[in-house]
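Taken straight from Swiss-Prot:
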- GLY38, PRO39, PHE40, ALA41, THR42, GLY43, LYS44, THR45: ATP binding site (BINDING)
Amino acid sequence: MKGSKSEVQGMVLTTGVKGLDELLGGGVARRVILQVYGPFATGKTTFAMQVGLLNEGKVAYVDTEGGFSPERLAQMARSRGLDPEKALSKFIIFEPMDLNEQRRVISKLKTIVDEKFSLVVVDSLTAHYRAEGSKNYGELAKQLQVLQWLARRKNVAVIVINQVYHDSNSNSLRPIAEHTLGYRTKDILRFEKLRVGVRLAVLERHRFRPEGGIVYFKITDKGLEDSK
C-alpha cells in the first residue's frame, strides 16, 4: 500500500529547486546518504546550506574546508523573505582541523543529533584525507558507517560533499575515494560548471530514479534556483 502524499513528503527534504527535487525523486531523502561531488565553485556548499535553510529541523554541519559562510546563509535567507538570525540559529557548526578531529566530531554526532535534527552535512568528507595525503580509506569507511547509522537511527538526511581528481585512465574528473564512498552512498549527484552562474546536475546513481538524468540550475542571491 502506498503512503499518503504527506508521508512521502515527510521522508524527503526539498532542495528549493524544482528540477533538482524531481531529479531526486521528490528531494533529499531521509535515512539515506546523498553524495554530491564536483569541481570547486559548482554550488555544492550552497546546495547543502539551502537544504538546511528551507526545511524544518536543526542542521549538524561539519565544515572541514571553511566553506560555510554565515554571511552567505543570511543573504540567502533575506532574499527569500526569511529571518536571517532564525536561519543561522538552526545550524550547529563543527570545524575539525585535521583527520583525527574529523573522526571525533563525526563520532560525537551520535550523541548530539536527536529528533530536533533533520539534516547532517559533511563538507567535505575527503578534504583532510587529500590534504594529509592519507590513503587510509578504512577509516573513511568507518566514518561513513557512523553517518549511515545516523541516517537510519535518527531519521535524518545526510549530505556528503566530495572533491574530485583527474583520472588519467578515463580522462575525466572522478570523486575521491570513489569506491569507498560509493559503497555507502545510495544517491549520487555530480555538479558541473557550464558558464558564469549556470550549473549542471547529473544523477549518477539513485535508489529508484533512472541514472543519467540532468538538470540545469543557477546560482543567485537566493542560493540555487531553476535555470530557465
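Just so you know, glycine gets a Cβ as well, placed from its N, Cα and C.
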Cβ-based isolation winner (fewest other Cβ atoms within 10 Å) among the binding-site residues GLY38, PHE40, GLY43, LYS44, THR45: PHE40
Position of peak Cβ density within 10 Å, selected from the binding-site residues PRO39, ALA41, THR42: THR42
Shell of the ATP site beyond GLY38, PRO39, PHE40, ALA41, THR42, GLY43, LYS44, THR45, same chain only (C-beta within 8 angstroms of their C-beta centre): PHE191, LYS193, ARG199
